[in-house]
Amino acid sequence: MAQINPSILSADFARLAEEAQAVEGADWLHVDVMDNHFVPNLTLGVPVVESLSRATDTPLDCHLMIENPDRWAPQYVEAGAGSVTFHAEAAAAPVRLAREIRAKGARAAMALKPATPIEPYEDLLPELDMLLVMTVEPGFGGQAFLDIMLPKIRRTRELINKHGLELWLQVDGGVSASTIERCAEAGADVFVAGSAVYGAEDPAQAVRTLREQADRTIASAPWACDH
Ligand SMILES: O=C(CO)[C@@H](O)[C@H](O)COP(=O)(O)O
């Protein structure tokens, strides 16, 4: 079944608790942590994640777009994140880091920027609970979906199924009513949506509509039937 994770990057940061509560019913709340070094934008850190985890019952999916995730990721688990994603391009020791995140009790995920291929990471997949294929260059919400990422989503799904892994495949960037079906058809099952959710008149309804669209596509997708 598809999971929809609203990205709070598109929310009103002055009302984060209310904005988190506005999407209760979503599977996870996607929290974009940016340090102005790994990406050219600055958002929030550990204290805000700690407060958010008290403000909502929705589990937190923290996406660390930061340098040195080896040092910081464990602190996000301690702050209450249920899933922590680090970037392959930034981690010094991704296997050790994934094991540490899991040992602390959270799901471990790794993200790939658009120009980073999946193939060098095939052997690492069993160490992960989720793989994130970025469908925009990380750093900002509201960018156009990169269609050229669809083959990478397909190849990642093939590797997951080839190894029989229970690994979630997340996409993030430009996911909306007009792109979610292409992502689901290619093999994604976890969808981050910022502007498509928080830009909607009724964010909770937008989550439900996106989930229905993705579920319908996955139900008839060859990758899901063969799995
Ligand atoms: O990580 C990022 C951007 O770097 C994303 O989570 C965006 O925040 C998604 O926003 P939309 O593209 O859905 O508006």
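Yeah, the Cβs are placed from backbone N, Cα and C, and that goes for glycine too.
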Practice problem: Can you match one of H63, H163 to the divalent metal cation site that TrEMBL gives for H30, D32, D172? | Solution: H63
Quiz item: Residues with Cβ closer than 8 Å to the Cβ of H63 (divalent metal cation binding site), same chain and 6+ apart in sequence?
Solution: H30, V31, D32, V33, T85, A111, L132, D172, V192
Quiz item: Once near-sequence residues are set aside, which residues in the chain of G174 (substrate binding site), 6 or more away, have Cβ atoms under 8 Å from its Cβ?
Solution: T135, V136, Q143, A144, F145, L146
Quiz item: For the binding-site residues listed here, G139, G141, which shows the highest count of neighbouring CB atoms within 10 A?
Solution: G141
Quiz item: Given the substrate binding site residues S7, H63, G139, F140, G141, G142, D172, G173, G174, G194, S195 in the record, what is the largest Cα to Cα distance, rounded to whole Å?
Solution: 17
Quiz item: Fewest neighbouring Cβ atoms within 10 Å: which of the binding-site residues D32, D172?
Solution: D32
